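Asks: Take a look at what TrEMBL says about it:
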type	residues	note
BINDING	B:CYS115, B:HIS119	Cu cation binding site
BINDING	B:ASN520, B:ALA521, B:VAL522, B:LYS523, B:ASP567, B:LYS583, B:SER598, B:LEU602	ADP binding site
CROSSLNK	B:LYS763	ubiquitin cross-link
DOMAIN	B:400-639	domain 'Histidine kinase'
DOMAIN	B:663-778	domain 'Response regulatory'
MOD_RES	B:ASP711	4-aspartylphosphate
TRANSMEM	B:76-93	transmembrane segment
TRANSMEM	B:105-126	transmembrane segment
TRANSMEM	B:133-159	transmembrane segment
Amino acid sequence: MDLLSQLQRQLADFTASLYREGFVDDQFTQLQKLQDESSPEFVVEVVSLFFEDCEKLVNNMAKALEQQVVDFKQVDSHVHQLKGSSSSIGAARIKNVCIAFKTFCEAQNREGCLRCLQQVNHEHAQLKTNLQTLFTLERQIVANGGSIPAMQ
Amino acid sequence: MEVSQVDVKQEFGFLRFYYGQHVKRGIFATEGLPWCGGVRFFNYRENSLKMESCNCIEPQWPAEELLMKYQYISDFFIALAYFSIPLELIYFVKKSSVFPYRWVLVQFGAFIVLCGATHLINLWTFNMHSRTVAVVMTTAKVLTAVVSCATALMLVHIIPDLLSVKTRELFLKNKAAALDREMGLIRTQEETGRHVRMLTHEIRSTLDRHTILKTTLVELGRTLALEECALWMPTRTGLELQLSYTLRQQNPVGYTVPIQLPVINQVFTSNRATKISPNSPVARLRPIAGKYMPGEVVAVRVPLLHLSNFQINDWPELSTRRYALMVLMLPSDSARQWHGHELELVEVVADQVAVALSHAAILEESMRARDLLMEQNVALDHARREAETAIRARNDFLAVMNHEMRTPMHAIIALSSLLQETELTPEQRLMVETILKSSNLLATLINDVLDLSRLEDGSLQLDLGSFNLHAVFREVLNLIKPIASVKRLLVSLNLAPDLPEYAIGDEKRLMQTILNVVGNAVKFSKEGSISITAFVAKSESLRDSRAPDFFPVPSDNHFYLRVQVKDAGQGINPQDIPKLFTKFAQTQTLAARNSSGSGLGLAICKRFVNLMEGHIWIESEGLGKGCMAIFIVKLGIPEHANEPKNRFLPKASHGQTAFPGLKVLVLDDNGVSRMVTKGLLAHLGCDVTTVSSSDECLHVVSQDHKVVFMDVCMPDGFEAAVRLHEKFTKRHERPLIVALTGNTDKMTKENCMRVGMDGVILKPVSVDKMRSVLAELLEHRVLFEAM
């Protein structure tokens, strides 16, 4: 087996595992479908934007939760934003955490919120790593003259 | 001469006195005239007669004799009379001016005067008188004689004239008398005429029946100075006359008399006013007070004319009809009698009253008819308005229901299509496909419910396109097989070999028609088999005796498709067949079955078939003998048998740029979402602008943007929509506003609808979904997805 097909195989397996483990969902596939000749780096751009956004939001939430009197409304709005973003790109796990986060916010449960925030951080980091791996693999394939197979 | 003394008396027997101076007693000579030619004396004492000559003329008779005395007196009076007559004449002639014969009068006067003079002079001749007297006497006499002769002669001429004057006078007097009489007559007639005119005027000045009759009586009473005047009208039964109006009494209580009385018959048979006895029942209006003598009574008939009496050409026959009786009574104890002109007056008035009454009757009739028409008009207007309201209500209802029904339909369709794209087992896939097809059909049906009302307006048009005819039949079969197999019915399809594979027509509606017909066959069969046959109809089979109004005209570009669906089910009573195609009509047998249809199906089919220039009918031999539904429609032959795009199943189109250059605006405050949505739309070929706030949105938006996608999870999401509505007041200028939301609650959807969104899409949006969404939006301008 030559390098290209090996790489492709690797990519396919990796992507499948990502889906299996719920890191990404169908929306991510859709996102990938949007990538064409006119916007070749579409997915990368979106994902980067997402991660930036995510970090910002997490920081804001942390700050808000550290206050003596927590403004749950503000936290809730941040969570909402995060949820929206994550569902837009298909970050399934983060989205799910956000849903739980929202419930805690509504219940004005500080502990719960903090816990969720930690989870968000964790997931964020994981996803970032995973996607970076993915992109690297893709780049390698392209560099080796292959094309990225379309997802089903 | 010696004369013996003889007694005069003895000798001559009479004495004559002569006017003259000397009157002596003596004996007269027997011969010669006794005039005073001499004086003869008789000396009594000497008894001798002595003649002396004197000029005196001796009267013939002795003057002292009684006879002479009387003569003397008479002569005097005659003279007196004779002198006075002319004086009187002169006096009276002077008084009158018209006596034509004056000179006759003069003559006559002269004659009289002379006669008088003669007699006067004669007075002097009774005694002895002188000669002069005798001469005068003679002259007078001569003159008198002359004049009287002349007068006598004149009178011969005059008297006839005078007599004729007299006759003429008499004649003129007679004439004058006759003229006077005539004059009197004319005056009375004129008087009568005036009364009639006045009465007629009074009667005709009103069209109210009661006023007419009352006025008649009043005026007649006044004109003829009647004591009582009454009108008897026939009752409804026609067997009696009822006292309806009287002059003196205010409210006559209903006396009635039977109509068959001889006196009444007598009056009714003649059109003249007839005198009747005051004791007859119609004339006895007041209790008889005893001693007075009732005045004369006259009765006249008044014909009561009806509208039906007046034919075009002839005056109503008087033999037919009902009459009223008018009774007029002269004042009692007045000894007045009915005169001819009064009777005439009464007759004329009776006729006038008849005419006036008939006019009043006609007027009443026409007023009644007019009122009836007005009522009917009002009722019709009301009914029309009600009908309009009902139609409006129905249209509103349809529109709302249509909308309400579409919404879940779209949800089903969209979600089924989504489901289709997921991982499914083959059975699941089949099921999902069936669901999708059925729901598409249902969506079409819902469209058609609205269409039906448009069908009736005539505004529905067929969506012509080329399609696979064979596939249509196969689809129907596939759709109906599950239901048929549940009922253990065998469905068979038989397509003629010469049936073209592709045809031009309205695929959706043809499918609907076939499905409906086949569906009915399945619905109303408990057992047996259903066979569907389709073939091209040739000219002989086109003209069917059962479709007498159908005149198909075959041509090169078109063919007639004939489809027959035969079942062995309940059958239909031949009498009910016409009703089948009426909207909502259900026969007893149909309704008795637990049919869930509203009866709309066949009516819609009929209309579709008619639109396709065809004909549909059902044949059945009776209940329990099954039935066969047949329809013929006109389809076009496609020019080249190219594979038409199958519009029934929405397949993903291969082109990525499905909407080239479509300008859209994306409003989302979440950067990531914004980017994703932008990418999605860009992938589909749209020209995307992104904004992150509603202010920016309103700033950037223009008429070129066709669609605005906005995330309504934003705090001011709805506000943006409202402001967009404000900015673009006209619907066609406004871009379509579609909400993107991850919210699955009803509140969101309601809010979206409230602010006037044209569509709501649930996030996440797949490429296909976005594509179909855009397609739908641009076609229908509305899209509401269920949550």
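The backbone N, Cα and C atoms fix where each Cβ goes, glycine too.
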Asks: Ranked by the number of other Cβ atoms within 10 Å of their own Cβ, which of the binding-site residues B:CYS115, B:ALA521, B:VAL522, B:LEU602 ranks first?
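Replies: When each Cβ's neighbours within 10 Å are tallied, B:ALA521 leads.
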Asks: Report the DSSP secondary-structure composition of the domain 'Response regulatory' (B:663-778) as helix, strand and coil residue counts.
Replies: 53 helix, 25 strand, 38 coil
Asks: At the Cα level, what's the spacing in Å between B:ASP711 (4-aspartylphosphate) and B:LYS523 (ADP binding site), rounded?
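Replies: So the Cα of B:LYS523 (ADP binding site) lies 48 Å away from that of B:ASP711 (4-aspartylphosphate).
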Asks: My list of recorded positions is B:ASN520, B:LYS523, B:ASP567, B:LYS763; which of them have a Cβ under 8 Å from any chain A Cβ, in sequence order?
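Replies: Correct list, in sequence order: B:LYS763.
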Asks: Might you list, by sequence position, any residue in that chain lying six or more from B:HIS119 (Cu cation binding site) with a Cβ less than 8 Å away from its Cβ?
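Replies: When sequence neighbours closer than 6 are ignored, B:HIS119 (Cu cation binding site) has B:ASP75, B:PHE76, B:ILE78, B:ALA79, B:TYR82 within Cβ distance under 8 Å.
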Asks: Rounded to a whole angstrom, what is the C-alpha distance between B:VAL522 (ADP binding site) and B:LYS763 (ubiquitin cross-link)?
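Replies: Their Cα atoms are separated by 42 Å.
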Asks: In terms of DSSP three-state secondary structure, what is the assignment for B:LEU602 (ADP binding site)?
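Replies: Reduced to three states, the DSSP call for B:LEU602 (ADP binding site) is helix.
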Asks: Of all the recorded positions given, B:ASP567, B:ASP711, which residue's CB has the most CB neighbours within 10 A?
Replies: B:ASP567
Asks: Within 10 angstroms of the C-beta of B:ASN520 (ADP binding site), what count of other C-beta atoms is obtained when all protein chains are considered?
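Replies: Taking all protein chains shown, B:ASN520 (ADP binding site) has 23 Cβ neighbours within 10 Å.
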Asks: Please work out the mean pLDDT for the residues of the domain 'Response regulatory' (B:663-778).
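Replies: A mean pLDDT of 81 is what the model gives the domain 'Response regulatory' (B:663-778).
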Asks: How many neighbouring Cβ atoms, not counting its own, are there within 10 Å of the Cβ of B:LYS763 (ubiquitin cross-link)?
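Replies: There are 19 of them.
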Asks: Using DSSP, would you call B:VAL522 (ADP binding site) helix, strand or coil?
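Replies: Once the DSSP labels are grouped into three classes, B:VAL522 (ADP binding site) ends up as helix.
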Asks: Going by Cα-Cα distance, which of the binding-site residues (B:CYS115, B:ASN520, B:ASP567) sits nearest to the residue listed as 'ubiquitin cross-link'?
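Replies: Closest candidate to the residue listed as 'ubiquitin cross-link', judged by Cα separation, is B:ASN520.
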